[in-house]
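The block underneath contains the structure these notes are about, expressed in structure tokens.
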Amino acid sequence: METLDLAPMIRAAGTVRLPGSKSISNRVLLLAALADGQTRVHDLLQSDDTERMLDALRTLGVPWQHDVAADCFVVDGVAGRFPVADADLFLGNAGTAFRPLTAALALSGGNYRLSGVPRMHERPIGDLVDALSQLGAAVTYTGNPGYPPLTIGKGTIRAGGTVSVRGDVSSQFLTALLMAAPLTGVAVHIEVVGELISKPYIEITLNLMARFGVQVEREGWQRFTVPGGACYRSPGDIHVEGDASSASYFLAAGAMGGGPVRVEGVGRNSIQGDVRFAEALEQLGVQITMGEHWIEASAPASGRLKAFDMDLNHIPDAAMTLAVMAVRCDGPCHLRNIASWRVKETDRIAAMATELRKIGVEVEEFDDSLRVTPPQTLRHAAIDTYDDHRMAMCFSLVTLAGTGVTINDPACVNKTFPGYFDAYRSIASPVPVVAIDGPSASGKGTVAARVAESLGYHYLDSGSLYRLVALATIRGGVTDDAAIAAVAETLPAEFVGGKILLSGADVTDAIRSEECAAMASKVAAIPAVRDALLERQRAYRQAPGLVAEGRDMGSVIFPDASSKFFLTASVEARAQRRYKQLMEKGLPANIDSLSQELSERDARDAARSVAPLKKLPDAVLVETSDMTVDEAVRFVAERIA
Ligand SMILES: Nc1ncnc2c1ncn2[C@@H]1O[C@H](COP(=O)(O)OP(=O)(O)OP(=O)(O)O)[C@@H](O)[C@H]1O
Ligand SMILES: Nc1ccn([C@H]2C[C@H](O)[C@@H](COP(=O)(O)O)O2)c(=O)n1
């Protein structure tokens, strides 16, 4: 499985042009296909879900082409009758393709077989099939009753009458019925049973049907009438708005990372319900400004995101973004009325709870709500994404809450936003790292500590971690690699006020012995030890920045470091420095044996197979043999990017 490591971010600001809305794109494609005349669709979302719809339309004999020069998709409508009357359609996990196509094909008088990925076969469709049956359609389940896959036969469509459909599981059932109703040629009255959820999505459907010439009459949200004889006519050109759900990640980034972050493609006049995410952000104190086609978000003036308790039924997709923002709020947050999460790409309530807990958040999970209590600190975790694009995009935001994350299967964002991570990195700036590597006694510790102090950055002496493992190993009499790695995994070390503690005891001087240094070099060659210490070292990357020194800071731990240095000096110069250091501490020393030990240690550190000591091509070489400490510090400080 592919994974993506995201560093902790220090701020977010900039502008993102949004990809087209998934909900609008797939509705427009189907309406354009069913319409009379040619439609030129501009700004169509190009992603897995729209590809499923485009593939299906091609299989059904609807002519369409991508006019690359004009940057639009041209669909030649079939005026309500698909040319291919017998076909197999695979629709992946695209609910916005599966439900409307089911309805349109069920009322088309052909024979079709519709299937998807395993998760699609777990997503209920029974309420839609029941409603279509009331109209005389012949739809049967080929797997579990109530779920795809489906077989559609030639039904006998009944004239007039009223059909009822449940509105409290997925609003896509009503959308599908509404869009397909004109194919019957007769008036169709639809009554919604139960409280209609996600109403803004129905507004999108009605708005787009009107753009294609079909006006639906409605009485509140309970009763809809599609008039008899209604048929779709192409509006000629149609523009797809930017995706308001995708906008939520960037607006949240502006709120969590300072901002301003502007999204272009949706704004004040959007027909998408998820633009109301901006109102939800305002309740958190976020500063929002809006134009006709853009929205901008900046952090609250107070600097604190306010805790919230909100009914989020009207913005179910964007609500996921709020669940992750809750980790930075100033108190427990309750997300209510989100039961529809359970039947989306995955059970999003369960998935969100599981993954938030991995990063150290306290989460209470209820049937239709989530309560999130922000922790003092977050920890790094590998986030499972459940083949759910929104899980991947949401969890990128924890990088603005003080920790890095690993996103498993990041390509799942292709469902709606193939370029998501590039767009995110274009507005989010990683916490800067100055990586200083080099051999023993080259002066990297001294220089790194001074540079960190002058910049006000955190400081990581990575060698001390290997020395601590070495000391624990010596003291515990541990010899085999697996046991040494286990020591590294659970190393009970603390850094308190300039002192280094192991199991609570001060070992600041003990880890500096030559015996410990030699052992450190040996345990550092064990791959499992290095793996065990990896995230522990990365956790030092915190705002406002980090200066990290060791052997593999620039190559393995922080390969994206903003500045990299390789500090070195001749063996003679380094042996002299170490000799002086020991003499000052009143410890016995011998120049020749120090030279010998340094050379052996350098050779071992440079020859090992994992993370060997070496100068990277992108590191600045600092030859300190003839430099004073002050000169070396100045040399580095002047070259920090
Ligand atoms: N440019 C320099 N000129 C003279 N002495 C220096 C210079 N840089 C460092 N020193 C001295 O050399 C000694 C070793 O330096 P330091 O501990 O910083 O090296 P190091 O590379 O971090 O070593 P190790 O990897 O063993 O921890 C210190 O006493 C330090 O003051
Ligand atoms: N990033 C690091 C840091 C240290 N080591 C190993 C190699 C050294 O011999 C030993 C002690 O380091 P020092 O305190 O002298 O910097 O630890 C490493 O492999 N990778």
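Cβ from N, Cα, C; glycine included.
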Joining K22, G95, R123, Q172, R348, R390 at the phosphoenolpyruvate site recorded in TrEMBL, out of K154, K358, K415, is K415
For K22 (3-phosphoshikimate binding site), the nonlocal same-chain Cβ neighbours (under 8 Å, six or more residues apart) come out as L45, S47, D49, T50, T96, D243, S245, K415, T416
One should report the C-alpha separation between G95 (phosphoenolpyruvate binding site) and S440 (ATP binding site), rounded to whole angstrom, as 59
Smallest Cα-Cα separation from R390 (phosphoenolpyruvate binding site) among the binding-site residues S171, K344, S440, K444 is shown by K344
Excluding G438, P439, S440, A441, S442, G443, K444, G445, T446 themselves, the ATP site's Cβ centre has within 8 Å the residues V447, E549, L567, T568, A569, R574
One finds that other Cβ atoms within 10 Å of the Cβ of S442 (ATP binding site) number exactly 27
Quick note, G438 (ATP binding site) and S171 (3-phosphoshikimate binding site): C-alpha atoms separated, nearest Å, by 61
Binding-site residues R27, S171, S440, T446 vs R348 (phosphoenolpyruvate binding site), shortest C-alpha separation belongs to S171
One should report the C-alpha separation between S442 (ATP binding site) and R123 (phosphoenolpyruvate binding site), rounded to whole angstrom, as 62
